[in-house]
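Undergrad: According to TrEMBL:
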COMPBIAS  455-465  compositional bias 'Basic residues'
DOMAIN    341-352  domain 'Tyrosinase copper-binding'
REGION    441-470  region 'Disordered'
TRANSMEM  6-24  transmembrane segment
Amino acid sequence: MDGKRWLSVVVIFVVLILVGLFFHDDLPASLFRRDQQQQTTTSLPASFAWLMNLIQGIITGDDNTADSEPHKRLRGAQSPNLTTCHLSLSDADRPVYCCPLKPESEEPIIDFEFPSPSDEPIKIRRPAHLVDEAYIAKYTEAVDRMRRLPPDHPHNFIRQANMHCIYCTGAYNQANSSALLKIHRSWFFFPWHRIFIYFHERILGKLIGDDTFALPFWNWDSPEGMVIPNFYMNSSLNDVDRDLGHLPPMVTDINFDYVESGLSPEAQVSSNLAFMYNQMVSGARKPELFIGCPSRAGEEGACDGPGTIELAPHNALHTWVGSAGQPEREDLGAFYSAARDPIFYAHHANIDRLWTVWEDLNGGREVAGGEFLNDPDWLDSHFYFHDENARLVRVRVRDCLDMSKLRYRYEEVKHPWLNAKPKPTNPPSAARNTLRQSIDFGPTGRTLDATLRTSVRRPRPHRTKKEMEKEEEVLVVHGIDIKKDMYVKFDVYVNAVDEARTLEYGPEAREFAGTFVNVRHGVRLVRREGDSQMKTKSTLKLGISELLADLEADEDESILVTIVPRGGTGVNTTVDGVRIEYMK
């Protein structure tokens, strides 16, 4: 460190002592221990916390520690405080403790570096239904070795699964905040899971000495892959906690709502493809609609607005695979236990692949992401993972965005859902002649104990062609309040005037706008006085520009919105209202 920086540190050190004397606080002995940038400051006055962050920035040469506009933006980035791992609860109020036996805060931390292109081959992830016996034997052996590792080893299979548990139940507080850090239901969903399975894959390869080893992906968006791959039924890749009625050769229901669809295999495939078209294309034309809402640091920065794919098929397939015989549909059906099922990794590999497919459909990563992709609050947020050499690695979101730098790719497959665009079930003119009425949601919202119908005014029904090209019209169901952390699902339709006919077609009806799914994800047990307990209501945003055009309703003054609770799950859920927004 240069002389200038040392002088700055000395000056700030003196100021810190004077401030401490002024407040008569007892400074802890560990005040000046860096703990790899994870020293907790919750017991210190705010001035101490600010000064300690400033000292750390000067020591490390981080220019963003200055009181400048970049620094103000950087404060919105998130990371876990590794000293705060605590007990959580499942939503059946059973204690869940996912924390490692040895606190990660005691380990040395290194920054992530991309693998060298000259030293490492590109790993090719193949569809699970197409892998051969030799691959299955190799994969089985790798997972078997992972299961046999000591419980305190970071590569142990359950320890790997508990990493997901930690980050999905909020077992870590955010750094420099009492707010919790969670990676579901926001823009962290895609990058966190990408790097999680990236390291899981590399660890498996290390265990069998194969640097070409790649995870398979469960290709459930293609008809050939819409069945649980058979090899997940055997030996170390099996999980006894799965729904016995959904095992091979049962066709997956990627829009599952706890109630069996009753469709024939052919009809289920058709429904799945139409649903994929909505979730990948017409309902996901803007980054926030696909990736999820921007979640920033602290309580005030929290959001709960999942993207299309996270809601379903992601959430829906978690519950479809999970065991109906378990109280929370464990393993895959409850987030705290989901990664205990080896099929979790194939499921998320396909989710990861669809992220790249969506980027390609929307002009490539830079074009598809736009300003959203360049937000420093997203790019600078970081998490911690053990790499294949058992080193604790700090990985930023910006490190997760380019698969070519991560040295893996997916085998090309067809996307039959691109040709599965739904058709209207009613003549578009019928909607204009239907009596519509706006309902009063009241100060406490409306309970979804039955189908809800309301007319919604469109603020700008006569947009110019240029405006329509730049903006997406978005239907917003806001203030979704789930009274208990439980599974909830409801579907949303637009201009479903022949309601019975439209609901019978489900996602194959063009009137289908999208779905909301809340999977049980656990709530934390407050461990320390002052820790955040704030509850965030959810928001569902559905892109409807293409849908309105197909229904010939793009110049109508209002639309009829129908919210249909599924599987009796809406009785503990209220909604504050429905409105139209425009997203650039």
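Cβ from N, Cα, C; glycine included.
In TrEMBL, annotation is done automatically, which means it is predicted and not curated.
Relative to the rest of the structure, where do these features sit?
TA: Taking Cβ pairs closer than 8 Å, the compositional bias 'Basic residues' (455-465) reaches residues 436-438, 471, 473, 475, 554-561, 578-580, 582 in its own chain, all 6 or more past its ends.
Under 8 Å from some Cβ of the domain 'Tyrosinase copper-binding' (341-352) lie the Cβ atoms of residues 125, 128, 143, 161, 164, 190, 193-194, 196-197, 200-201, 215-221, 228-229, 232, 236-239, 241-242, 309, 314, 317-318, 321, 331-332, 410, all in the same chain and six or more residues away from its ends.
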Undergrad: DSSP-wise, what's the residue breakdown of the compositional bias 'Basic residues' (455-465) into helix, strand and coil?
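TA: Tallying H, G and I as helix, E and B as strand, the rest coil: 1 helix, 3 strand, 7 coil.
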